[in-house]
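Student: Questions regarding the structure given below will be posed in turn.
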Amino acid sequence: MAQFEEVSQKSKLHPKPEGLTLQYGTAGFRTHAKHLDHIMFRMGLLATLRSKKTKSTIGVMVTASHNPEEDNGVKLIDPMGEMVTAAWEGYATQLANAEQDSLLKELKDIIKKEDIDMSEPASVYVGKDTRPSSASLSQAVLDGVSSLGGKTHDYGLVTTPQLHYMVCCCNTHGCYGSPTVEGYYQKLSQAFLQLTQNALNRTDDQKRLLVDGANGIGALKMREMEPFLRSELQVVLSNDGSSGKLNHMCGADYVKVQQKAPQGMNMGVGERCCSFDGDADRIVYYYTDSKGCFHLLDGDKIATLISTYLKELLTQAGLNLQIAVVQTAYANGSSTRYLEDVMKVTVCCTKTGVKHLHHAAQEYDIGVYFEANGHGTVLFSKAAQKQIQELVKDPNANDERKRAVKLLESTINLINQTVGDAISDMLVIEAVLAIRGMSAQDWDAIYTDLPNRQLKVTVCADRRVIDTTDAERRAVSPEGLQDTIDTLVKKYKSARSFVRPSGTEDVVRVYAEADTQESADSLAHEVSLAVYRLAGGIGDEPKPLH
């Protein structure tokens, strides 16, 4: 048992602070960087076991995404570039919280439960973002892997989606692409250049895009990618990390929540702008109109743009494939109505959290999913990709079908199907706007969002006193809450509201939308009051917004 001896020795260099417990959530582990050294070492151990179990390469990404710079975190990546399975999330929590003297026992428990052959080789890919703490924390991951005899490939500074991509390329033996950063740039840029050849007479103004890099890894990688795009996209990069602080008053989350432009970006009227988040797996677009009003184009608008473009191509190519848009309860009601009633696209609603969306999207030939926060991608089933490939090679296809199917083929190559990817999503959006000859204003005008409001209520018991059903759109408990919400909604026009326990903090989230902002605010306040009264709110009663 010499290998466990090494784990025992090395784990002493990464001791767990007594009494600290953390939970592996949707986004992995995430907290202040000073609490994470032992977690990183142990995730190196777990990734090694996962690799032996699956006989595949596993990824470990050190990042805390859109959190403040002093935080950090870690996510595990499964063989096809997807998030690690739920059972292993449980193991991650178990291993992370084991006190120092019971670490080996927990480790052996997992090996026994999963029947892992410890003589199998292990391979782990490691990446990190630009946080000051990421260098030492990723070293702790490498220590964990090596103490169980695993082999590592340290990619150093990469975006989260790039590491997902590398893992998928490795395990598909190059079928998905070459597992290098340069291979990623080449695959995406080539597809983008093929698509933009179909856009007629683009001016330099139309090729210009203002990008907010959130002072993070996305800015760094965008700089590296620029030469590959051969001026077909002229990026003006702000918040590039040279002076500002990561995610501070910039980045996709800031723009989405504050509904205003990031600091340090000089926007002209009507100019297309976008923001990445800290690890470049989310993107939102925006512009200001001639009156100086700020307009946000969030995940709902992105899903609508991409799905309507794909639906038109399928029709032109004469392919009978089912396309669906997967949304959560947070998707604006106007987007759902537009997709279902106007575009006749299937819309499926699922629980909040990327895992649920990704899983639901796999059920269709083509599944488009974006959370309102701008995290999302498009999944093409194997059968759909096969049909598209066959039509590309069909000598009897007419010109219209040939053109459409070639566009579909290039779009598939441009999309990172493993996970939401700000750089890939940005290039897809830019290509679609160019091919359709649309400005940001044209895109925004596809439908008008219903005014909405989100609020939080703190409750004294566990936030899970609120239990929901129907993809979190209806409350089952506490008793009487849903009846109250139904009654309140009836008072307003085009209204809906729902409540759900937060997945990341100890609060209950309230969402309301209606025909005017005043009505949405008023409904949100009344529902918050109902939650406060029926679910045991603490602190002062929620105050009206006006």
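Glycine too: its Cβ is placed from the backbone N, Cα and C atoms.
In case it helps, TrEMBL gives these features for our protein:
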ACT_SITE  S65  active site, phosphoserine intermediate
BINDING   S65, D277, D279, D281  Mg(2+) binding site
BINDING   E371, A372, N373, R500, P501, S502, G503, T504, R509  substrate binding site
DOMAIN    52-86  domain 'Alpha-D-phosphohexomutase alpha/beta/alpha'
DOMAIN    120-167  domain 'Alpha-D-phosphohexomutase alpha/beta/alpha'
DOMAIN    182-284  domain 'Phosphoacetylglucosamine mutase AMG1'
DOMAIN    298-436  domain 'Phosphoacetylglucosamine mutase AMG1'
DOMAIN    475-528  domain 'Alpha-D-phosphohexomutase C-terminal'
Student: As a test: from 52-86, 120-167, 298-436, 475-528, pick the stretch that has the greatest number of Cβ pairs under 8 Å with the domain 'Phosphoacetylglucosamine mutase AMG1' (182-284).
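Tutor: Ranked by Cβ pairs under 8 Å, first place goes to 298-436.
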Student: Near D279 (Mg(2+) binding site), meaning Cα within 10 Å, which of S65, E371, N373, P501, G503, R509 (recorded positions)?
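Tutor: Passing the 10 Å Cα cut: S65.
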Student: Can you tell me which parts of the same chain pack against the domain 'Alpha-D-phosphohexomutase alpha/beta/alpha' (52-86), counting only residues 6+ beyond its ends and a CB-CB cutoff under 8 A?
Tutor: 27-33, 36, 39-40, 43-44, 46, 92, 114, 116-118, 120-129, 131-134, 137-138, 141, 160, 163-168, 170-172, 176, 214, 217, 245-248, 251-253, 277-279, 281-282, 354-355, 358, 417-419
Student: Measuring Cα to Cα, how many Å separate N373 (substrate binding site) from D277 (Mg(2+) binding site)?
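Tutor: Between the Cα atoms of N373 (substrate binding site) and D277 (Mg(2+) binding site), the distance comes to 10 Å.
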Student: Around the C-beta of R509 (substrate binding site), how many further C-beta atoms are within 10 angstroms, looking at every protein chain?
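Tutor: A 10 Å sphere around the Cβ of R509 (substrate binding site) contains 23 other Cβ atoms.
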Student: Which of the recorded positions S65, P501, G503, R509 has its Cα nearest to the Cα of D281 (Mg(2+) binding site)?
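Tutor: When the Cα distances are compared, S65 comes out closest.
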Student: Given D277 (Mg(2+) binding site) and G503 (substrate binding site), what distance in Å do their CA atoms have, once rounded to a whole number?
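Tutor: Computed Cα spacing between D277 (Mg(2+) binding site) and G503 (substrate binding site) is 19 Å.
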Student: Looking only at the domain 'Phosphoacetylglucosamine mutase AMG1' (298-436), report the model's average pLDDT.
Tutor: 96
Student: Using other CB atoms within 10 angstroms as the count, which residue among the binding-site residues D277, D279, D281, E371 scores least?
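Tutor: Comparing Cβ neighbours within 10 Å for the binding-site residues D277, D279, D281, E371, E371 has the fewest.
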Student: Where's the emptiest Cβ shell within 10 Å among the recorded positions S65, N373?
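Tutor: Per-residue Cβ counts within 10 Å for the recorded positions S65, N373 bottom out at N373.
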Student: Within the same chain, and leaving aside S65, D277, D279, D281, name every residue whose CB is within 8 angstroms of the centroid of the CB atoms belonging to the recorded Mg(2+) site, in sequence order.
Tutor: T63, H66, T159, T160, G216, G218, F276, G278, A280, R282, H375, A422
Student: Tell me the Cβ contacts of G503 (substrate binding site) under 8 Å, same chain only and six or more apart in sequence, or just say none.
Tutor: G25, T26, T352, G353
Student: Which one is closest to S65 (active site, phosphoserine intermediate) in space, judged by CA to CA distance, out of the binding-site residues E371, P501, R509?
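Tutor: For S65 (active site, phosphoserine intermediate), the closest Cα among E371, P501, R509 is found at E371.
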